[in-house]
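Asker: The following feature annotations were taken from TrEMBL:
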type     : residues  : note
TRANSMEM : B:20-43   : transmembrane segment
DOMAIN   : B:20-211  : domain 'ABC transmembrane type-1'
TRANSMEM : B:55-77   : transmembrane segment
TRANSMEM : B:83-105  : transmembrane segment
TRANSMEM : B:187-210 : transmembrane segment
Amino acid sequence: MIEIRGLTKRFGDRAVLDGIDLDIGRGEIIVVIGPSGTGKSTLLRCLNFLEKPDAGTILVGDLTVDAARATKDEILRLRRCTAFVFQNYALFANKTALQNIAEGLIVVKKMAKAEAHAKAQAILERIGLGDRGDSYPAALSGGQQQRVGIGRAMALEAALILFDEPTSSLDPEWVDEVLDLMRQLARAHQTMLVVTHEMQFARDVADRVIFMDEGRIVEQGPPSELFFRPGDERTRSFLRKVLPPA
Amino acid sequence: MQGLDLDYMVGLLPVLLSYLPLTLQLAVTGMALALLLACLLAVVRVLQVPVLDPLVRLFISFFRGTPLLVQLFLFYYGLPQVFAFLTAINGITATIIGLTLHFAAYMAESIRAAIVGIDRSQTEAALSIGMTTSQMMRRIVLPQAARVAAPTLMNYFIDMIKSTSLAFTLGVTELMGATQKEAAGSFLYFEAFITVAVIYWIVVEGLSWVQRRMEVFLNRAYAR
């Protein structure tokens, strides 16, 4: 359903993404792990064109975008079928929780305001913030802000939600509520591509785990294989550092 | 030293106040147009629009680098000699154009700074949900930039109200022009000018009050 071929991104003469090939099935939950600075976030950002890839193609549904000659219109359409959850939440500070979720529906999907607000309220209930719709981001805890961030992505009913280290900025006390919401989305068969350092989450929830190093996919497989029988020495070395000794 | 002619001042007050609407009209029109122009200039600067960006920088450089009085004389007395169609321009229009261009140059820079100050991740978030750049500007960036820029913009408005007094040099009888005429008739310069000073002062104080109320309103989203 989503096909990525030869996705390449250079910063100067350094290839941060070096020809990534990746297929993502409908409803699949993929977790990307790897040392920092190996292009995991860049992969997500390129899929949403927050960074413009230098080469490669991205196919989502019936839309194919050739990175080298993507038009403005194609980029808009691609963004409209891929939602993004940011490490630092990135909520609109001038809008309430409800308005944050409704904004894309009103502006991008051209939904009537009343309908958009009704839908946003339903999402607030799902993310457990039904009574906080009128709160501005500044009045919400980190965990609540990130749940609104996820709610904003959910509202768009995107083919794919990209999670860029969604719990890395959170105080430890708020991590679980965000991961629980992501588990809930996974159970609802939302297609997700998640960059995270939460290995427990990866083991429990992912259908497939991808290990990236130096801009390439080194190996991938179901968590039971990748975590317990890694084939590549780089994967083994990384896992020794992040997994508690058994 | 002679005593202050209080009776003259009391009698002068209603005469001068009848010119206040023109002064306010100059300032409000100038401010509205300057705000609009300043937003456009600031957006060009922030997005670094090719071709336009260097022109905007030149514009800002010129209008910040030369005195307002020189600019007003240039528009009213100078340009009609070069461009014949400008002879139709009257003092009021010339003042409004001068105030607009002069203050837009200053305001563009403070709006630009306010826009740049908006957390980059919010603009990325707006783009990530499929907004166009102009939707992002109108709905997310400019409303927040307005809050940051509001106190400085209000200061420019106050400055603009006082700068309308230069219009009298173009033959416009506004508050200052009227005072000048009254004083020349009565020779009571001190009384006349202290009266007009107090009028400007009270108007500005009223605006400062509005400014404080406005900041409370604009900050409502940021209360914890």
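A Cβ is built for glycine as well, from the same backbone N, Cα and C atoms used for every other residue.
Looking at the shown structure, can you explain where the listed features end up?
Answerer: Long-range contacts of the transmembrane segment (B:20-43) within the same chain: residues 56, 59-60, 92, 95-96, 99-101, 103-109, 111-112, 115, 137, 142, 153, 156-157, 160-161, 164-165, 167, 172-176, 199, 203, each at least 6 residues beyond the stretch ends and with a Cβ under 8 Å from a Cβ of the stretch.
Sequence-distant contacts of the transmembrane segment (B:55-77) (same chain, at least 6 residues past either end, Cβ-Cβ under 8 Å): 41, 44-45, 89, 91, 94-95, 97-99, 101-102, 104-106, 108-109, 163, 166-167, 169-170.
Within the same chain, residues 22, 26-27, 29-31, 33-35, 37-38, 41, 59-60, 62-64, 68, 71-72, 75-76, 156, 159-160, 163-164, 166-167, 170-172 sit at least 6 positions outside the transmembrane segment (B:83-105) and bring their C-beta atoms closer than 8 Å to a C-beta of that stretch.
Within its own chain, the transmembrane segment (B:187-210) has Cβ neighbours under 8 Å at 4-5, 8-9, 12-13, 16-17, 20, 24, 154, 157-158, 161-162, 165, 175-176, 179, counting only residues six or more beyond its boundaries.
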